[in-house]
Amino acid sequence: MTTQAPPNALLPLSPEQLARLQTATHDFTPTQLAWLSGYFWGMVNQQPGAAVMQKPAAPASVITLISASQTGNARRVAEALRDDLLAAQLNVNLVNAGDYKFKQIAQEKLLIVVASTQGEGDPPEEAVALHKFLLSKKAPKLDGTAFAVFGLGDTSYEHFCQAGKDFDTRLAELGAERLLDRVDADVEYQAAAQAWRQRVVDVLKARVPKEAPSQAAITASGAVNLVDSTPYTKESPLTATLSVNQKITGRHSEKDVRHIEIDLGDAGLRYQPGDALGVWYQNDPALVQELLELLWLKGDEPVTVGEKTLPLSEALQWHFELTVNTAAIVENYATLTRSEALLPLVGDKAKLQDYAARTPIVDMVRFAPAQLEADQLLGLLRPLTPRLYSIASSQAEVENEVHITVGVVRFDIEGRVRAGGASSYLADRLEEDSEVRVFIEHNDNFRLPATPETPVIMIGPGTGIAPFRAFMQQREADGATGKNWLFFGNPHFTEDFLYQVEWQRYVKEGLLTRIDLAWSRDQDHKIYVQDKIREQGAELWRWLQEGAHLYVCGDANRMAKDVEQALLEVIAAYGGMDAEAADEYLSELRVERRYQRDVY
């Protein structure tokens, strides 16, 4: 593709620079050129002292595209749609839900939302404030808005794509016009997303005038993060080396927690505290063999996966999820096999969810035996997806390494030991110096304060302590003078104090100002981190009044909700507020990025 250059007098480039630019981009597609525009815009605005232009009010033809992402999938879909729209010469403003000024929603004419769901039907962390606002009485009428929603979820959870459903339903209730029916996509979302993106482009091309995308539409919020500019992605991971696999719980602990160190070599892979490490794993060969034998299948039977033909056993080991059952798998297996044991569950969503949650796929087959063809088995299963682990290190200290904290999942089903797919792969089946495929999942919604003087409160029981190890390494390297406070909990002090020596050193050296520990099984009555929060409520409120940033990491379904309830009680009690005002205060902290959560 070539473009006619303007007269040299009008250019800020020398003739030699212009020639190099034209040579470098002569074969770029319109989509690639649009992406490059956003890339350069991002570079300009990350230069020291660079001023970001104040964006003028969006004209009626600008499409607002909101990305509400938890693990990065929704963001990738939104970025791909942005590129499609720019290639179609449509103006689009891509913005993360956490950066969106939601009170301007009444002025939107064209609104596209790509939303994932976390936990039990909750919106992603960056979209909590927007979700709460839209579902509240404060939400305005949207009679002049047209919208479309793409939802991402996981059918292994009961409230599949609930956040997307909430946005779609509420926007319609507020009077907005639905451009397209909502799409709810499972973990294998790519094909559905591609088809939906094309439909969105077609509808919008017919609706708005075509014009060259203006610079204002490619805003800093939609620009490329330079840290993220890497050839290694979820689809094209880095082959790294596992260098350390160390059990960090005691001999008598009920938990098996591993400290894992991975050598990134000279790949140049960069991350920040708060990011996650994606790990591609293989299923246990013994589990694969057990499943094959139960179904009377041969491991060497050739099957087709995508464009590849490979043995069935290899396909099961590398390409399909075997350790997480879902209601859909149970229902489809029951229908396919006409199993007398499972057919009574069909049509009862609650019973299907309960059965799937407590019965792994291999045990479902054992309890309801059948004989399947290889293609029938693969048709039941979901594609294998990588697991994400909160990074427990800072490159300011460990350089070309990345550390994670892995709680190994182990349980018994009628005397048979079962284990989590990725956690047992890392703990049991990878020897030191073995290769492991990894990538960085950046998380801009879990970041240290920009100013090193800001106090930090960290709440992370169990393996939720991982990112706070990274935070402290970074704060130490930066010489940050802000106070640091850690709340940590686990069953037993003697067996389960993860990274104990490191925390004690930070306390001794004064970097860790306070540490409050909750050992749930070391006394007759159970004590959890939320109890410590209530106990230290007055001091916690003082820190918040001083501008402290508050972070929570760990279990989404119970711990994070219990911690949030304790925080609300503290805010109400020591801030002199009623429950509604305390909730509003915490929401404001979230909007200001002073209350951030990494929950799963």
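Cβ atoms here come from the backbone N, Cα and C positions, even for glycine.
What Swiss-Prot records for 63-201 is domain 'Flavodoxin-like', and it gives sequence analysis as the kind of evidence.
Residues annotated as FMN binding site in Swiss-Prot: 69-74, 116-119, 152-161. Here the Cβ of Phe160 (FMN binding site) has 21 other Cβ atoms within 10 Å, regardless of which shown protein chain they belong to.
If you average pLDDT over the domain 'FAD-binding FR-type' (235-449) in this model, you get 97. The feature domain 'FAD-binding FR-type' is assigned by Swiss-Prot to 235-449.
Classification of Gly421 (FAD binding site) by DSSP places it within a helix. Counting every protein chain shown, the Cβ of Gly421 (FAD binding site) has 20 other Cβ atoms within 10 Å. The FAD binding site annotation in Swiss-Prot covers Thr323, Ala357, Arg387, Leu388, Tyr389, Ser390, Thr405, Val406, Gly407, Gly420, Gly421, Ala422, Ser423, Tyr600, and the record cites sequence analysis as its basis.
Taking a C-beta cut-off of under 8 angstroms and a sequence separation of 6 or more, Ile527 (NADP(+) binding site) has the following same-chain neighbours: Gly489, Ala518, Trp519, Ser520. For Ser520, Arg521, Lys526, Ile527, Tyr528, Val529, Gln530, Asp562, the entry in Swiss-Prot reads NADP(+) binding site.
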Where among the binding-site residues Ser69, Ser116, Ser423, Ser520, Gln530 do you find the Cβ with the fewest other Cβ atoms within 10 Å?
Ser520
Cβ neighbour count (within 10 Å, all chains shown) around Lys526 (NADP(+) binding site):
13
How many helix, strand and coil residues does the domain 'Flavodoxin-like' (63-201) contain under DSSP?
58 helix, 32 strand, 49 coil
Which same-chain residues, if any, lie at least 6 apart from Thr405 (FAD binding site) yet have Cβ under 8 Å of it:
Ile248, Val257, Arg258, His259, Ile260, Tyr389, Ser390, Ala392, Thr463, Ile465, Ala466, Arg469, Leu498
Under 8 Å by Cβ from Val529 (NADP(+) binding site), counting only residues of that chain that are 6 or more apart:
Ile459, Pro461, Phe487, Phe488, Gly489, Asp516, Ala518, Met559, Val563
Let me check the 10 A CB neighbour count of Asp562 (NADP(+) binding site). How many other CB atoms are there?
16
Taking the Cβ of Arg521 (NADP(+) binding site) as the reference point, list residues of the same chain whose Cβ is under 8 angstroms away and which are at least six residues distant in sequence.
Pro491, His492
